[in-house]
Every structure is written in structure tokens, then in C-alpha cells.
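K.L.:
Please see the structure below; I have some questions.
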Protein chains: 2
Amino acid sequence: MPVTIQVHRGGFQVPGFRVAAARSGMRYKDRLDCALMVSDVPASAAGIFTRNRFCAAPVMVCREHLAASAGTARAVLVNAGIANACTGDEGLERARRSARAVARRLGVDPARVLVASTGVIGPQIREELLEAVLPDLAEHLAPEGWEDAARAIMTTDTVPKTAWAKGILGGKEVTVGGIAKGSGMIAPDMATMLAFVATDAAVSPDVLQALLKEVSDRTFNRITVDGDTSTNDTVLVLASGAAGNPSIQDPHGPDAHDFLNLLEAVCADLARQIVRDGEGATKFVTVRVRGARTRDRAARVARTVANSPLVKTALFGQDANWGRVVAAAGRAGVDFAPDRVSLRFGDVTVFENGRPLSGPELEEKASAVLRPKEVEIALDLGEGEEEDTYYTCDFSYDYVKINADYRS
Amino acid sequence: MPVTIQVHRGGFQVPGFRVAAARSGMRYKDRLDCALMVSDVPASAAGIFTRNRFCAAPVMVCREHLAASAGTARAVLVNAGIANACTGDEGLERARRSARAVARRLGVDPARVLVASTGVIGPQIREELLEAVLPDLAEHLAPEGWEDAARAIMTTDTVPKTAWAKGILGGKEVTVGGIAKGSGMIAPDMATMLAFVATDAAVSPDVLQALLKEVSDRTFNRITVDGDTSTNDTVLVLASGAAGNPSIQDPHGPDAHDFLNLLEAVCADLARQIVRDGEGATKFVTVRVRGARTRDRAARVARTVANSPLVKTALFGQDANWGRVVAAAGRAGVDFAPDRVSLRFGDVTVFENGRPLSGPELEEKASAVLRPKEVEIALDLGEGEEEDTYYTCDFSYDYVKINADYRS
């Protein structure tokens, strides 16, 4: 991501979009628990969804609607508290019914309404409660509604997550702004990752989908908290075209490139906020694997290290335990040559050519590097030029506490 | 494993073998820390080793020697405290040197001496300390030395692990007896899985290797504590032939079948003892996946559930959290049909045809099932007749505590 893109947090507006949040009372009482995002015109729409076999009803509805509307959308309805997952045909029908209710209220095609849910798995949503607050939501739609929406979609998150950036496309200023809620570290039944991004750039649906896929693979698909995935994970991007730039039709053109950088900057920031808010987490950890023959090999090693419970507990203990890192790398299913591998904690090299470096000062220096809240582990496989990066957090007492006590 | 095989723990003898343990003082002081196992005659020998890319020097030496001796061995030397892993050419030379010293002492071919190490990764072993206790080891070799040896190979284990069983092969009584030390739950740098099994059965080297592979895949390769693997994992089986049964040459004959059952009974018991002794573990968990189209599909789902941190913390909390189990199953990379899946905690079905069963009593019953120290989770994929089972334990506060504090 080019350093020239400045990403901001807090309130933002995206021309062409209005947003509102409300209290349906479906599960949470006395707090915002649902949000409606509306585009003034049919926007290009793209989505990335969970690959879990147990995929929630709203995910199925999004897939159906994006296909039926040829990648366009007018509105997204989100609720927090009940996930509508493992709910069978009835859950699917309830999700469809809530989309139809939004369509009726806004006077738009139901296929142009997308839905997302997060919360406990198993119970049916009560879409009649969503329908009951629709008039309220529609009445309060406003360009500055994103922060409320970010708050409304929280479950176990401790802070709302927003990010936005501006850039120039085809001579016009464009905005990319998004909200997200956290994943993992708690439970898949409460910790779906949801992200909703809006832009006023004009982008064709196909290009938007292609660019979102590319960006997700480098951002949302590169964060991991415990390797567990949710039934409801959803990332949606809507592009209204209100900026008036010449519509981006070529995924390989210069405008597509610039837009991709903007989108990536915003998504990367949201993804990092999700990891940082992992409950129980005390550290934000970057796992970088360099010198790989292919990017896929780098990714497999980085993912295995980032998910290793032994590495994550060592990081909680601020222990520069190189043995756990290399042992995790060694079981990633990548046939690298051990005697070409080196490892750094921060800027301290602790392992080179398959052998640990020694010295009492070295151990001290390496442990010092692990004291700050943000730490980096860098492995070099010494076999090529490719690299990949994962972001993760540590495993703390609180991780066990929160997850063992969660439903009790 | 047929129920007719009675597996015992505690002391045992295997005709044709003598064993001794000693204190080398290499890392642990004032305790047994090395062991020598000797067969009176060249025994058939088979081995299964870690697949970690960072494979320790003694593992390389075992592979070399088994190849050079055509699958025969006279002795196994084991030390606990230093793993001789990530030690480069020097480590390899030290491992070879210790094998040669045993060969000289016993007057046998060096290729018929196997070595194994467990302990911290990185430092060189001090093979001169092993050489120094060799006279003592050789002098104290005795048929009843197995329990001392089981104690000598412990690192973070809290109890020594032995198992033995007897059976009839070709009209002769045969014994299979083994010792093991624990894996995982602590650190790969201290928690290698080692197992050494001896039998007086007569079995050809090739058949012994084939049967050990089959047995390991159902026992040692079906236990998991945190998914992390060690640089030193080693399982060795030596068969002396002292029982005088007709040598087993056909891996598919009835004697091979009977021997396999005996070997599996002993290895399964040792494997379970390893999981039970996982430090921090409060539960022994059986994850059974039935109704799969292939055994591999069942194994992949079982392994993913058994390694899920969210499932393991829920089990520590005695929470019948079916959502975490099905969400873990759903990311195993197996394309089963979610609406045919059912799930039991013990004998309480909580999920059927892709939907949770409900009722307040049901939840209570399911949680009650998780209170004992031994619990079972059974998933049925509803797509076929194949099944597989993994054994694991829960993630407790102590897991984090022990692993975060381990080197500090």
C-alpha cells in the first residue's frame, strides 16, 4: 500500500450514501443493534463471504441477490445479536423477508437489498422487530450515520471501527469509507467479521468484485486470531458513482490501480483494528515471511506461525522463543531447506542458516523487542524473492477466561 | 482394537531385552536422564519420525542407521534435557559419536545403534557425558529396567508412561511392551513425543515397518494437544524374535493381523497416556467423526475440531457449545452437506440435520455430560460409512500460564 494514502478514523461521509442505526431489541436491550445503509442510486456492489460449510442465511441471500441484480445494490440491512446461522429453510425465509421489507419501504427491487447478521448461532432472527424499526431507520437516514452504524453492529467488540480515505480518480476527488466489527478471540457464535465499505467512485460491478477479491486476500484474509472462522463473515463494497469520475471498466488500467490502493488502505486499516480489538489480546503481531519461492509458500508458513498456540502464548509471555516459531514453520507443509532459514524478532536476528545465534545479550535484546504492544516476527526462507504477511495477536489468560466462561 | 486384549501398565519384561537408566547430568541434575535399551540379538527394527522440516540430528541418524542395517538394531540410547535439534553438522556428528560409543561398548555394528533425544532446541548435546555413563548403563542392564527408562526420558511429563500386553502368535506366547514420554501442551522445545516398544515376537523388518506405520496412523498420529509438532518425535519398535514363533513375513496373514492388534493396543494406550498428561489439561476428549464418505474426510474434520482453540476452551468451561464444534467442522476443507450433519456430546444429541435441537433440559443434559474428566464429541456427516477418531485435551488457564512463563 503506497505510503501516500492517509487513512483516517472517526466520522466520515460518502457522497451518495445515507445511513441510520436503531434499536430493535431483538437480543440486546437499550443499545443500537441494527443499521441500514442506502445508496441514492443503484450502486455497483461486490461481496466476499465466509468459506465455512455452515454458511448463514444472510450470506446465502447476499449471494442470491448479487447474482440476480448483476452486482448492483441500493441498501444493506444489518442486525447484531442473532446470526441467523444453522437455522434451515425457515432462517433463509426470514432473511429474505427482511430484505423484502426494506425493498418495500425504500421502493426498490428486493434483489438490490443485501442483508447481514451477527450474533449467536442457532436461534431464528425476529425479522418482525427489524420491520418494526424500518420507519425509524428510513426517517433518520443521513450522510453522517456511519459512526452510529459502526456502533450498532458491535457484538463483543470493545470499540467501533471506522476508516476512510480520499484520493483523485480521473480528475475527481473520491472517498472510500468503511465500518467493521471484530472477529475471533471470543467465539464464532458472537464474533463474525463484518465489513461494509462505501465509495462514490464509479466502478463497474465486475471490476469492483475483482478488486475486492484482490484486496481481501491482502487484508481481511491475512488476519487471524485463532484460526476459527465464522458462519457469517461478510465484506460488502458499494460504489455509487456520485464522484463523477469516468467509470472504471478495466481492472488493469491506471484508475483501477489507484482505486485498488485506496480500497486496500481502508480495508487494511479496518482489518488491523479487528485484530487489535481481539478480546484478551495484549499484542498486535505482524508475521512476515520473506525469501520464499512463491507467495503461496510464504503465506502458508506465515499462517501456520500466526495460528500456533505455542507461539501466541510465548508472545503473551514476551518470550523470544525462536524454537516455537521455527517448529511451527517446519510443520506448515512447505518443503523449504531448514539450513537456509533465518528469523528476526523486530530488528534482532536470533536464528540464521538453520542455527540459533547465541549470547546472553542477544536473548535480552530479543525479549526487549517483544515488550511493546506491537511486535514483528520475520522469517526468511532463503529460497526466493516472494513474501507474504499475516497479522495476529497473542493468547492471554483472558482468551481462555472469556472463551471458557462465555455462555456461563 | 479388539476388546479381548488386556493392556497393563507398570513394570514388565520382554524376553530378549535388557534396559538400564542413568544420570549423565547433561542438563537435569540428580535424576535419571538417559536410558539404554539392548536386544540380545539383532532385532528387527522399525521407526516413525517427525515430519517437521526442522528435524533433529538423532532423527537423521535413526533414518541413516535403519537404512544401513536393513531394518535391524541391537540398541537404543536416549537422553532427556537437550534435543540436539537446530544444531547443524556439529549436532549430527555428536549424535553419530554417541551411537559409535554405544557400539564400541557393546561390541556391535554402529549402524545397529539408534539414538533419540528430547529437551531444549538449540544447544549441542554433551555426548562425552553420555559416554562417561555408558559403563554404568552397560553394567546395570536388566530385563526389568523399563520403568526406570520410562522415568529417565521424562521432561515436562508428570508421570512415567508404560504399557504392555501379551498374546499368542503361532502357538507361542509373545509380549509387546513400551514406554513413552509426552507431547505438546508445553513447548516443542521440551515436549517431544518419544515412544519405544519392544516385543519378543519374530517379525521381518519390512512387515514390522508396515505394521508400525498402520498402527501409528491410528494411535500416535491421532492425538493432538495444540497442533504443534516437535523436531524430535520418534517411535521405534524392536522385535527380538525370542518368543520363537514362526517369523511373520506376510503383512496380510493372520499372524500379522494378531500382532498388529497387540501392537495397536499397546501404542493406543501409550498415546492416550500422553494426552492425559498434557500439562494444564483437565479433560481427555475423544473426537469421533462418523458417516463420512472416506476415512480421510472423517480424519480432516476430526483433526480440525480437535485442534480448535475455541472448542478446547469451551470444553475447559464445560460448555456444550455446539456452535463452535460445527463452525470448526465447517472450515476443515471438506465439502460435506451441512443439512445432513448431526452432533452428540456424549450420548446427548444436540444438533441434527444441520439444526440445533432445543429445550432448556437438553442444554442442561449436554453440559452435565461434559463434567467428567473423559468426554466424547461425536459428529455424523451423514454422507457415508467411514469414520475416524482423534484424541485431545482442553485448553485451560494453566495451558497459557505454563507456556507463557516457561522460559522466564
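Using the three backbone atoms N, Cα and C, a Cβ is placed for every residue, glycine included.
Note that the coordinates shown come from a computational prediction; the quantities given were computed from them, not determined experimentally.
Checked TrEMBL, it gives:
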BINDING   B:Thr155, B:Lys181, B:Thr192, B:Glu279, B:Asn403, B:Ser408  substrate binding site
ACT_SITE  B:Thr192  active site, nucleophile
K.L.:
On the three-state reduction of DSSP, what should I expect for B:Lys181 (substrate binding site)?
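P.N.:
Once the DSSP labels are grouped into three classes, B:Lys181 (substrate binding site) ends up as strand.
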K.L.:
What is the total of other Cβ atoms whose distance to the Cβ of B:Thr155 (substrate binding site) is within 10 Å?
P.N.:
22
K.L.:
Count the Cβ atoms, other than its own, that fall within 10 Å of the Cβ of B:Lys181 (substrate binding site), considering every protein chain shown.
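P.N.:
Within a 10 Å radius of the Cβ of B:Lys181 (substrate binding site) lie 28 other Cβ atoms.
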K.L.:
Would you count the other CB atoms within 10 A of the CB of B:Thr192 (substrate binding site), including those on all shown protein chains?
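P.N.:
Its Cβ shell of radius 10 Å holds 30 other Cβ atoms.
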